[in-house]
Every structure is written in structure tokens, then in C-alpha cells.
Protein chains: 4
Amino acid sequence: MAEKTIAVLTSGGDAPGMNAAIRAVVRTGIVKGFRVLGFMRGYNGLINGDYMEMNLRSVSDIIHRGGTMLYTARSPEFKTEEGIQKAIETCKENNIQGVVVVGGDGSFRGARDLSQRGINCIGIPGTIDNDIACSEYTIGFDTAVNTCMQAVDRIRDTAQSHDRCSVVEVMGNNTGHLALHSGIGCGATCILVPEVPYDLKKDVVGRILSYQGTGKKHFIIVVAEGTCNTNALAIQIQALTNIETRETVLGYIQRGGSPNAKDRVVASQMGFRAVELLAQNIGNRVIAMKDGKILDYDITEALGMQKPFEMDLYNMAHDISI
Amino acid sequence: MAEKTIAVLTSGGDAPGMNAAIRAVVRTGIVKGFRVLGFMRGYNGLINGDYMEMNLRSVSDIIHRGGTMLYTARSPEFKTEEGIQKAIETCKENNIQGVVVVGGDGSFRGARDLSQRGINCIGIPGTIDNDIACSEYTIGFDTAVNTCMQAVDRIRDTAQSHDRCSVVEVMGNNTGHLALHSGIGCGATCILVPEVPYDLKKDVVGRILSYQGTGKKHFIIVVAEGTCNTNALAIQIQALTNIETRETVLGYIQRGGSPNAKDRVVASQMGFRAVELLAQNIGNRVIAMKDGKILDYDITEALGMQKPFEMDLYNMAHDISI
Amino acid sequence: MAEKTIAVLTSGGDAPGMNAAIRAVVRTGIVKGFRVLGFMRGYNGLINGDYMEMNLRSVSDIIHRGGTMLYTARSPEFKTEEGIQKAIETCKENNIQGVVVVGGDGSFRGARDLSQRGINCIGIPGTIDNDIACSEYTIGFDTAVNTCMQAVDRIRDTAQSHDRCSVVEVMGNNTGHLALHSGIGCGATCILVPEVPYDLKKDVVGRILSYQGTGKKHFIIVVAEGTCNTNALAIQIQALTNIETRETVLGYIQRGGSPNAKDRVVASQMGFRAVELLAQNIGNRVIAMKDGKILDYDITEALGMQKPFEMDLYNMAHDISI
Amino acid sequence: MAEKTIAVLTSGGDAPGMNAAIRAVVRTGIVKGFRVLGFMRGYNGLINGDYMEMNLRSVSDIIHRGGTMLYTARSPEFKTEEGIQKAIETCKENNIQGVVVVGGDGSFRGARDLSQRGINCIGIPGTIDNDIACSEYTIGFDTAVNTCMQAVDRIRDTAQSHDRCSVVEVMGNNTGHLALHSGIGCGATCILVPEVPYDLKKDVVGRILSYQGTGKKHFIIVVAEGTCNTNALAIQIQALTNIETRETVLGYIQRGGSPNAKDRVVASQMGFRAVELLAQNIGNRVIAMKDGKILDYDITEALGMQKPFEMDLYNMAHDISI
């Protein structure tokens, strides 16, 4: 009789800590008696049967690496019934009873579709944007927050030396979580996010001019992508305050780098939990963090949740950045 | 009539993020209409009337600095009634109605003593050891965990190149929280902490030899200070495994460095909350984190709490480090 | 009789290590018996008499800080005879016999103009671009090279996870020194600089496709600003190779950050040497590095030099990035 | 006829940048038409025929990794004629005409012995200690200097917060190069090295007390290993100055970490040069840096050279650390 087998793959945008999740899935799986296969480039690997057999040493020395050793991709083909059927075929051929998918909402929809067709799937939230509704934390967020913050720490040096205003655009996939936490961390004068409307003259220019009156000479404005045109914003601020203003779009540096401790620890916990569920023959669940603890939800239920924006934290941030 | 005044000081061992807490206290205090004084070198500053008057700009460009701009010290004099009376004298002279103390348990006992004599005091937990019972998080912990982990990431390079075993001692003030989180983060083969008894032959040597059988050639053992003599441990491991074993005591690098985002954010939240309490004329409280949220406890109650060790996390760590 | 006095200022764009140079000038000056004044915001400070009196402790704990504690600016007024005369007036009022100017070519022209009017000036090359002809090294270059390289190390993680091509634009003030060294450091497939013409199809697309044939799936292209439109380049590469291509402009993060050891050491050496010259009543010189050693040149002579581009290194870089 | 083949190995203590050297040797070798073999664990691999065949992709994504992908070891067996003969046997069997050895003086003696027996060997200086006489620079030095310096930057935070003196021991293999450069970089009050005798009372305690008189309250003493007992030194300093003094031995963190740009660039240059020599059928040479340029020496001649200590830099360091 064929050996009981589980699969692991990473899907969607990469995030620091995905390797730690893969490592936990592989090791926990092997300890629990599973054969473990790592599928390459997300659902594409499942469709094409592109995998590597994993042993304990396959995941040695990866916990501290950014990116994902299994590569990642978005898979349009998997959104078709034909693609899903190919994936199921691959699972049957390899006697795969369960699949762990590390990714975002799109990846979870795929995991739900597979689960509904009889392959137990467990989703693990992995994205730097922390924009998955069911979980207060997603793997990669802490590393990205610190990457953004340290980048702004550098920009601050030159803004300060030149008495300038710096407008810094960070990622977030049209949410403000990354901007909020990195903005507090770098002591930004203003944090602009899609969730909170703002008035340029009052909330940005007014703040700058008012703090200038207290002796402040350099200013940091952190903007979440999708909030506004940051280049236009920088030009407006300079025009309205007469303070030299420069814009930086942080770009892809935010997605890479060795994961911070939190991402390594949480990814380990979530990977471990995912295999525990599969070992109990449970599927169609997504692992999440709530009140700092690891738990799991039905995928459909999870996909229907709404993520609140931390308004108290947002208000506090502006109360002390003066 | 004299202006309403609050004081802030840092006490005990320094921790990254203390400056962010000071900044939040000063700015929130000023916004709420207080005059704010920063006392130097812990309770010694209160005893000797050694302070600086703080304005909005006094705390500019400190959120990203390690250490504490107000310096810190342990104050044996403050443990005497005479010392406390001098401190009360200073408070009265300067019309101080409230004091925010950032530090550990020893500092909170001082805050309780002052509160009992009529000066409202609020404690904020600041220590890299995360060893304060009432709060699941203390300012400085995340930075220290990452510092330890990144140091071990470096040690790993050389351990791996030489097929060695590395024994790394981290701080923790006789608790294993720092060792546990940094040990998981660096994928340590064993994590040894004061809270969990271990058998050298079975739990350390046995594990090493067993994983050696799977092809693993270098090993990391993370040890919390106060668990055992790490030098002797390294010698024993080498004798019993025949693997070249080297010891590193990380030392004071763990206490410094620019604070990570979490420490800056949590310190800001706690400093803000502390002043909110003082503004409501509330004292004898310590700010804490529970289930990821900021709240506060009576100091005496807080000092009587017991901190559980995260045994589930400890067991998971060893299940996947194979 | 008034005390013998020297001044120090930073001018033009800021660079990591400027603080180390200021520190060396102040301390060496004081040890040699000078009173030392730090002028704010470049030549503007000299024009407006805006300075701070420096003592040994004024420059404590700045050697590791990015930016410049004396702030910096470009000074259009100093390019007028009236501006220069105001600066000379300030020098006379304060009995200033010598001025140390840390900056780039524009700053050295100012130093020459002042020297010609009887104020001994010494220039120290400080710019991240390493584009000062007389010196093989300028303060800030090593830090900026490493900042760029580490940023690309992060971008590499995500490029690799997604099998992408990344086009990264770095600074350089229309020279390729920063791109060359950071490009070698990150193992870039191509390094594009203003000094070396290239053919898009042969030198970029051809290389990518050829290495793709050896199994390479992700590519890094480092481009010096002023070489081409990097956004258009990225679009062309994607069109011609069919490899998903993303662009990042590193921006102002390259100018800040704690200086690396080399910048701290060289800045210390150059600051020390500058004051040695002033103490011998020598002016109109610029400090430089040649063959790894510190020496000095006549400013006019230095401004007339041509900086060669390291073509051997450029060719070697492409020989091994395959 | 068998293909022309060259070998590469790393020997002795590991150093950041060794991977960049391996990468340059492999790629340059392949481009020049050689088959390239990577031998494992230094000369032991040569003795035991333990190698991996290298292709262009074998060295992808290693330029930024610390340690050495070929592992390293000291080989007592290679110091015997029998060991050397086994190595020669391996070379003959694999048609190896040339060997590139990255390591220190001990490794070069092995390379000389092999060269004298007809196998062209080229040495590349790789050690964090910069203690190889023929070359002003060794691969790994810049990374180690910065690692030490950044560690002291962290220690400084806590020394400053507590008004303490910190004694920090760095590596150096009984030379002071690493201590000198990292000590200047961190602004150490004293730098103690084996090359320069010192008087505790005058040169250490006297300096501390004298600067204390100018308002300085925290002190950093950087000590090269092999200079004195640092623990005893810390105790003496505290006894004689009455300033709380703490000791940290940096240990193995100094040997690891992602290499800095300089180490990646210089390693690339040296690896490239080494293969150029082998391609011209030249052996028994060691690559070196002189006046910032890459050249090569006869190994015997190189082993007989004396390395001067940079006394001017040492004196300058103490002149400005006041």
C-alpha cells in the first residue's frame, strides 16, 4: 500500500518566513509518519506534477532565508475546472491526502476548491500586508514592518541633515496595516492610509506647519500604496509649506530579507498546527492568530470575515507624533 | 498656582524601546496640559532633584535610539525610608502629581511605595528578559530576541563551515523566555532553560547523535543564563559526541541596539496609556499586555502574579528541530 | 589677543561619515590648542554667523550617526561676491584662521574662493557617489555601496521566489562607481553605467537569454541613475525576454544610515590631516586618498583632475556574472 | 584525452567572502575552458577525493552567504608526506593541473608543498584577522571589522545608559589589526593590541580619569585577543577608577555573517586573478593586495614577509578618542 503523503506549497506573493513554515510542515509531517512532497511554484506545481521529495535535511538551513525555497506563482490555470482536475490527478497519483498552502486569500480560495473535491487542504496566512481578515497576524508582516521602518530611519538621517520633508510610500495591497505600524515605529508626522480619509490642508500641511512652530524642521510622511499619488502629494506639500520635499517609493525591498524572529516563530507554530489537523483527517481550514494564540477557521467562514483597521492605534500615533 | 506636573524616569537595566516610552509620556503629557520633567538615573534623580524639563522637541529623534536618554540605575538609597522621603520632597517642590516609571519588578516596588505615600505612580514593564509576571510582553524583548537570533545566524555560518556544535548562552535573568524565542528563531537543536529540567545524555547528546544519523553535521544549542555552566556543557558535549564544540556567551550586545518596530509601537502605546491614567488621577497601576491588548493592573496585585513558561511552544520547538 | 580659532562645516549632499570627520576636526583642533566653531548648514552658517562652539564632548556619541550634526545645504548666496564677503566678515569677527569644509566639488570651489581671500580652507571629500576626481575614495561611499547591495540582496529573495528579473536604479550623480561596486557585490547579471555605452539587445537581453540557457531563472540588472530611463528599460526587457520584470528605484535610503567602519576610519584620518595642515598655516588644499594612503592636493589642481572609471573591474564583473 | 581541470578549496578558519572567491574561481575557470572541481573540507577533500563537480549554477546565490559552501578544516594529515602523496594521487586521477586554495598562511604552506611536487597552486588570502604578511588585505576583514564595530555600537547603548566602562575583546589571532580598525570605528577610548606595550595606570586608567574630567561618563576599551586577560583587566579598571566595568568577549559572531561589499568585490577580483595565473600555467603564487591593487607573489617569498602594524593609525586613533 502506498505511503500516506502530504504536500506543501507556497502561493501568491512571497513573504519572509514562508521557509520557516515549509520547514515546520515537512518536519512535523515526517515525525507523524507522512511522506512529504514540496510542490514548486504554487498550484502550478500541483497541476504539472512538479515536486521534490522532502526529507528532514531538505529543510536544513532555510529558517533564516527570505523568499521561498519552493518558489511561488499565481496560477490562472488553477482557477479553471480543468486545472483543478489536473491537480487532483497529481494528488491521486502520489497518494496525497492533504495539502498545506501558504499564501493569501486567493490561495485559500484554491484550497477551499480542492477541499470540496476531497483533498484536505489547510491554508496558512503568509503575506507582508497583514490583510487577511481571519487572522490578526500574517507571516512576513513583522519583517516587512521593520524593513520599512529601518529604511525610513535611513531616510530620516538625510531629511534631518537637509531640513526636508520626506514622503515615503510603503506597500500594503490597498490596506494601511504596514503603513500604520512602520509609521508609528519611525515616528512619522502623518500616516496616510486608504482606510482613513484625510484633508491635505488640515491633516498634512496643517500638522507640518503647526509642528514647525515648535521647532521641528524635518518631517516624515508615510503613505500606504493605493492611498494617493505620492509624487503629487510631495509636490503639493512642498508648494503649500515651502519645505523642500522628496519622495521615495520603497518598492520590492519590502518583500525580501531574512525573516525576523516573530515570523520564524509564528510560521513554525502555524506549520506545526496545519499538519496536526491533517493528521486528524481535517481539511478546509485556515490557521489564524487571535489574541496572540494560534487557532483555525473554516475556509469559507474565514474568507467572509472583515478585517477592522486599528483606529485606536492610528489615533494614538498622531497624538504623539507632534 | 503651580502648573500640574508629571515626571518620567527609567530604572533598573536598560532596554531598547525605553526612549519610545519616554517620548510617548512626554508628548501625551504636554498635550494633556501637564508640565513634564525627566528625572535622570532612575530613582536617584528623584532623590537628588536631578531632572531636565521636557518639551515636545526634547524627545525628537530618540524613538530609534537604543538605551535611555534619561540614563538608568539601581538605587539602594530608594529602598530606605529616608530615600523615599527625599523623593517625595522633590515631588512636592516641583508640584509633581504623578510619576511614570519604566523598568522591572524592582522598579515597580518603588512605584508602589511612592503611590502609598500619595504620589500617583504608573509602572511600565521595560526589560529584555520578558520576566514580568503581569504582562505577556515587556519593552525590549523583541529587539533582544532578534539580536540573539541574528548573532546565532552568524555563528551558524562558521559552525556549518566547520561541522561544529555551537553552544550559545543568552540572557534571561534566570528565565528562559529569551532563549526559547531566539532558539526557535535560529532553529536550535536544543534549548535549555531554567524552567525545564533536562538530562544531558538523553536530551542533548542523544538528540545530537540521533540527528547526526539523518545527515546533520552542525548543531546549535541555545542556553539561558542560569541554566547551567555553559563552558562545562560545551566540554561535555564534545567529549560525549566527538563533535568539535565551541561556546559563545553573547553578553551585553543583547541589551543595546536600535529598537525593533514592536518595541517602538508597544512602548508608545504603554507610555500613552500611563499618562491617560495619571490624567484621571489614578496611580499605583502597572501597564501590561494581555492577549495582545494594553491594560493595567494594581501594582501589588501585579507583583503577586506568576508567569507561566510557554511549555507548548517549548515542546513544539523540539518537535521540529530535528 | 583673541584665541586662535578654526571652523568646520558640511556642505552639499550629506553622506554617512561626515560626523566622524567633524569629530576628528574638533578633537584634533582642541588638542592642538585651537578654539573650534561648528557652522550650521554649510556656507550659509558662515554667511549668517550661525555656529555652535565645540568642546570635546560636543562630538561625543556621533561617530556612529548618519547624516551631519551641523546640517548641510547648498548656498547660492555664497556664489556671489557679497556672500563671500559676509563669510569673510564672520571669520574676521571670530578670529577664524582656518576652515575645514566637508563636501563635494562645489564645496571645494567655495573653499578655494575663501582661501584666495586669505582664509585658509581645507576640503575633505564627502559624498556617497565617489565622484571626486582627485581622490580614489570619498567619505560615505562604502556605506552607500553596502546599503545598495543589501537592498538588492532583499530584492533578490523575491526575484528568485518568482523567477523574475529585477531592475534596480542606484544613485551616482551621473557616474557609475556606486553601481559598479554594489553591482559586483550583489552578483548582478548586468551593470549599466553612464561611462560605458551598451546595446540593449546584445548586452542585456542577449546575456539574460544566454544565462537562462544554463538554468538561471532570476536576474538582477543594476543601473546607475543618469544611464537610461529604468522604467522603460524594465518594460523593454520584459517584452524582449518574456521574463516578468520589475523596477525599483532605491532613492534616499542610499544617503543615510550609520556609517560603516571604512567611512568612520577614513573620515577620522582625513579630519585629523586637515587640522594638521591648518596648524602649519597651510590652506587651499583638499585631502585625498591615493593608493590607500591619505595625502593632499592644491584645490585648483584637484578640481582640474579627471576620474578614470574602473574598466578592468567593470569587465571582470561581467566575466564572472554568468 | 581528459579535460583540463582545476580545483578549488577553502582551508583553515572560515571567513565571509570565501563563497565569493569560490564563485569567481568556478565561473572564470569554466569560461576559460576548464572543468572545475570543488573539494570539500580543505586539504582533507583532496586527500580523500571528496569533491563536487561545479557548473555555472553551482555557485548561484552564494555570493551573499557567510561561511564556505565547500566547508573547511585544518588537515594534520596533509602535513605528512603520505597525505601530500594522496592529494597528488587525487589530482592525477582527475587530471587536475591547478588548485586554488583560499585560506591563511598554513594553507599557503600546503599550496607551496603541492606546487613543489608539480601541481600548480595559487593561494588566496582569506581570514578575518588580516594577519597575512604579503597582503594589506585579506578576505573577510572588512566584514569582521564591521561586525565588531556594530556589536560595540550596541554595547555602547547600555554602557552609556548606565555610565559604565565596557571592555570588549575581539579576535585577531594575536594581532591587533581587527581591534585597531573596529576600535577606531566605535570611537574606543583605548585600543589594546599585542603589538604595542601599554601601562595600565597611565595608558588606560589615566586616560579614563582624564576624560572623565571633561564630562565623559562611559568608556569603551577594545582589546585584541592575546593582549591580556580581559576579565582581569575589567576588574582592575573598576578597582582603579571606581567606574562600574563590564566585559564582553565577542566570540564566534565575528567569523560569520553575510559578507560586506568589499569582501565580495575583493574576493571576486582575487578568484579571477588566480585562474588567470593557472590558465598561463603559473603556480606557487599567492594573490595579494598592495596599494589597493591586486598582484601576486611567490609563495615562499610571501611567507617570509613581515607585516607592519599601522602605528600612525594607532596613534591617530588615540589622539582623537578623547
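Backbone N, Cα and C atoms are what each Cβ position is placed from, and that goes for glycine too.
Automatic, uncurated: that is what TrEMBL annotation is.
Around the Cβ of D:Asp129 (active site, proton acceptor), a 10 Å sphere holds 25 further Cβ atoms from the protein chains shown. Residues annotated as active site, proton acceptor in TrEMBL: D:Asp129.
Look at TrEMBL and you will find D:Gly13, D:Arg74, D:Ser75, D:Gly104, D:Asp105, D:Gly106, D:Ser107 tagged as ATP binding site. Non-local neighbourhood of D:Gly13 (ATP binding site): D:Thr72, D:Gly104, D:Thr127, D:Ile128, D:Arg255, each in the same chain, at least six residues away, with C-beta under 8 Å from its C-beta.
Summarising the annotation, TrEMBL assigns ADP binding site to D:Arg23, D:Ala24, D:Val25, D:Val26, D:Arg27, D:Arg156, D:Lys216, D:Lys217, D:His218. Contacts of D:Arg23 (ADP binding site) defined by a Cβ separation under 8 A and a same-chain sequence distance of 6+ are given as D:Val59, D:Ile62, D:Ile63, D:Ser268, D:Gly271, in order along the sequence.
If you look up TrEMBL, you'll see D:Asp105 marked as Mg(2+) binding site. Within 10 Å of the C-beta of D:Asp105 (ATP binding site) there are 19 other C-beta atoms, taking all protein chains into account.
Look at TrEMBL and you will find D:Thr127, D:Ile128, D:Asp129, D:Arg164, D:Met171, D:Gly172, D:Asn173, D:Glu225, D:Arg246, D:Tyr252, D:Ile253, D:Gln254, D:Arg255 tagged as substrate binding site.
Sequence annotations record features per position, and here TrEMBL assigns domain 'Phosphofructokinase' to D:6-278.
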Please give the greatest C-alpha separation between any two of the substrate-binding residues D:Thr127, D:Ile128, D:Asp129, D:Arg164, D:Met171, D:Gly172, D:Asn173, D:Glu225, D:Arg246, D:Tyr252, D:Ile253, D:Gln254, D:Arg255, in angstrom, as a whole number. 33
Intrachain C-beta neighbours of D:Arg246 (substrate binding site), sequence separation six or more, cut-off 8 angstroms: D:Ala159, D:Arg164, D:Cys165, D:Ser166, D:Val167, D:Ala234
C-alpha of D:Asn173 (substrate binding site) to C-alpha of D:Asp129 (active site, proton acceptor): distance in Å? 6
Can you figure out which of D:Ser75, D:Asp105, D:Gly106, D:Lys216 (the binding-site residues) comes closest in space to D:Asp129 (active site, proton acceptor), comparing Cα atoms? D:Asp105
May I ask which residues of the same chain, at least 6 positions away in sequence, place their Cβ under 8 angstroms from the Cβ of D:Ser75 (ATP binding site)? D:Ser11, D:Arg41, D:Gly42, D:Tyr43, D:Asn44, D:Ile47, D:Gly83, D:Gly110
Run through the Cβ atoms and count how many others sit within 10 Å of the one on D:Asn173 (substrate binding site). 18
Please report how many Å separate the Cα atom of D:Arg27 (ADP binding site) from that of D:Ser107 (ATP binding site), as a whole number. 23
Specify the count of other C-beta atoms within 10 Å of the C-beta of D:Arg255 (substrate binding site). 28
Nearest of the binding-site residues to D:Val25 (ADP binding site) by CA-CA distance, picking from D:Arg74, D:Ser107, D:Ile253? D:Ser107
Within 10 Å, the Cβ with the most other Cβ atoms among the binding-site residues D:Ser107, D:Thr127 is that of D:Ser107
So among the binding-site residues D:Gly104, D:Gly106, who's got the most Cβ atoms within 10 Å? D:Gly104
